[in-house]
Amino acid sequence: MLRSCDIDAIQKAYQSIIWKHEQDVKISSTFPNSAIFCQKRFIILTPELGFTHAYCRHVKPLYLFCDRQRHVKSKIAICDPLNCALSKLKFTAIIEKNTEVQYQKHLELQTSFYRNPMFLQIEKFIQDFQRWICGDFENTNKKERIKLEPFQKSILIHIIFFISVTKLPTLANHVLDYLKYKFDIEFINESSVNILKQKASVFLVPRRHGKTWFMIPVICFLLKNLEGISIGYVAHQKHVSHFVMKDVEFKCRRFFPQKNITCQDNVITIEHETIKSTALFASCYNTHSIRGQSFNLLIVDESHFIKKDAFSTILGFLPQSSTKIIFISSTNSGNHSTSFLTKLSNSPFEMLTVVSYVCEDHVHILNDRGNATTCACYRLHKPKFISINADVKKTADLFLEGAFKHEIMGGSLCNVVNDTLITEQGLIEFDLFRYSTISKQIIPFLGKELYIYIDPAYTINRRASGTGVAAIGTYGDQYIIYGMEHYFLESLLSNSDASIAECASHMILAVLELHPFFTELKIIIEGNSNQSSAVKIACILKQTISVIRYKHITFFHTLDQSQIAQPFYLLGREKRLAVEYFISNFNSGYIKASQELISFTIKITYDPIEYVIEQIKNLHQININEHVTYNAKKQTCSDDLLISIIMAIYMCHEGKQTSFKEI
């Protein structure tokens, strides 16, 4: 006789076999019978909306809501007043008879995606991974949620996106929309999705962050859920690949005791109904075993230490369209031979992801400041088992000079180039030769557009950074500095947005008072630190300046995550180009200052030009993994004002007229 619990278990297993390829899809099957009056070529069909005008596709919140509800099994709760109001709406019915048939065919096409066997396998993989993160696979009573680092999430997304697209090529758009919803990354654009679908990805991560540890459950759940998948794992040492293989086998047997699991000849196999899923484990000293294989996923662990002969074998999988290669390694930079993957930073494809505690702009701080262990502009979320402080730095460097920066911090190959960037002749000419911009003889030849660049800083620490403001105009091929400010907040209790805007507006109005010939103001407000504050500063400037001086004022606009243009500018990789453009023009004598230069924040006893020359002298070049960057910060001197001048000149040179708009 069977016990009641056995009967329930058998019945549940039987039902799962019967409905293995079926799913309760919550797409509404009720035909939205509402007429639309426009040409047929403008009509589109959506399961939730029925027949609508094509411009509805550009209403992102509407389609985002439809996509989300399509993937959610529970019904949405609507409050009674809204439900009552919606029920009173009446729509004109469609007269044509074949419209409902078209709708049903379209609906069947949508629901077939959710019944696709491969989609169900992908969904089951994601569900199992969610359960593992929640601790459901552990036998202990106390379940602890596993917290993944961003790079681990990125690896998972890279893998599942590529496998989904290659396994479901005809339904690629549907599965990508579903995955973006599941991973809550619906904000990413198409170019970012293309990066996730690339055939090869490289992750360079500091030591002890769980690179190998994370790949073990990924392999386990892929073997369990994706039928017929073939996985390859290559390590730099035999004992590493053997350990990973045994750990994968152990976890598979513990997590999925009902599965038929075998481990033989360095291959782990999980048998499904009609096909097997396999994972092959090899070291770089025995890569002959991976030759002739057809992997869906090839993981290359500690790639920097893989033998060159083995690497050529691994690269042989690049032409295979169905193979995703994941290169994972530590960010070792003490030796060029064990950091060659950093060269991929110059690749036309964005395939390199580097996790570091220090950004490229502040890597020199590790050398300049004895106790510096973190980056000033990064907020580091490190695992609880990682502890980095000044004592760790001193101890590591006592054992081996440079070990802290190279082996622990994940610092890149960094060299501060001491070659002279600014010539002495250029500095002397900039200091002594200044134009009188209020002279009637020169005014007809001066540009009528004034570019103002504002780099806000929200701190009262004068040793850190302040707000840099620069006003730049043109004189033929030359650039003239009309005004500059280096402003520090008096108190954190003050309204920082209003204070910064007040400082900039005073300078702008003073420049306009002396130079009334300007007809247009083009203002660029950097929003890297705080985008909402940049928008507030723009609004205050617009209101303040337009009341006193009627000028055509435009602001540089950038699209935010909702694709809405906002009055701020995000400084990115163009900073290097801007600095190089500044250096070439400065040394050529094309950058001058006005004799009537305005500055309210630099001391009266201090010449503003001499003040900025001190920052220009500090400008130096930093080479990081063949990537060139520039910096002018020293322990006692910041570079905020210089950056504002450089970027104002660069924006004046670039033009980008379409990005400047009124607010």
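Glycine too: its Cβ is placed from the backbone N, Cα and C atoms.
Taken from Swiss-Prot, the feature active site, for ATPase activity applies to Glu302. Classification of Glu302 (active site, for ATPase activity) by DSSP places it in coil, neither helical nor stranded. Non-local contacts of Glu302 (active site, for ATPase activity) by the CB criterion (under 8 A, 6+ apart in sequence, same chain) comprise Ala235, His236, Val240, Ile328, Ser329, Ser330.
Taking a C-beta cut-off of under 8 angstroms and a sequence separation of 6 or more, Asp455 (active site, for nuclease activity) has the following same-chain neighbours: Thr467, Gly468, Val469, Glu526, Asp640, Ile643, Ser644, Met647. If you look up Swiss-Prot, you'll see Asp455 (among others) marked as active site, for nuclease activity, on the strength of sequence analysis.
Of all the Cβ atoms in the protein chains shown, 24 others lie within 10 Å of the Cβ of Glu526 (active site, for nuclease activity). Residues or ranges marked as active site, for nuclease activity by Swiss-Prot on the basis of sequence analysis: Glu526 (among others).
According to Swiss-Prot, the feature active site, for nuclease activity maps to Asp640 (among others), an assignment based on sequence analysis. Taken residue by residue with DSSP, Asp640 (active site, for nuclease activity) is part of a helix. Around the Cβ of Asp640 (active site, for nuclease activity), 23 further Cβ atoms fall within 10 Å across all displayed protein chains.
The motif 'Walker A motif' annotation in Swiss-Prot covers 205-212 and is backed by sequence analysis.
As annotated by Swiss-Prot, motif 'Walker B motif' applies to 297-302, with the evidence given as sequence analysis.
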DSSP helix/strand/coil residue counts for the motif 'Walker A motif' (205-212): 2 helix, 1 strand, 5 coil
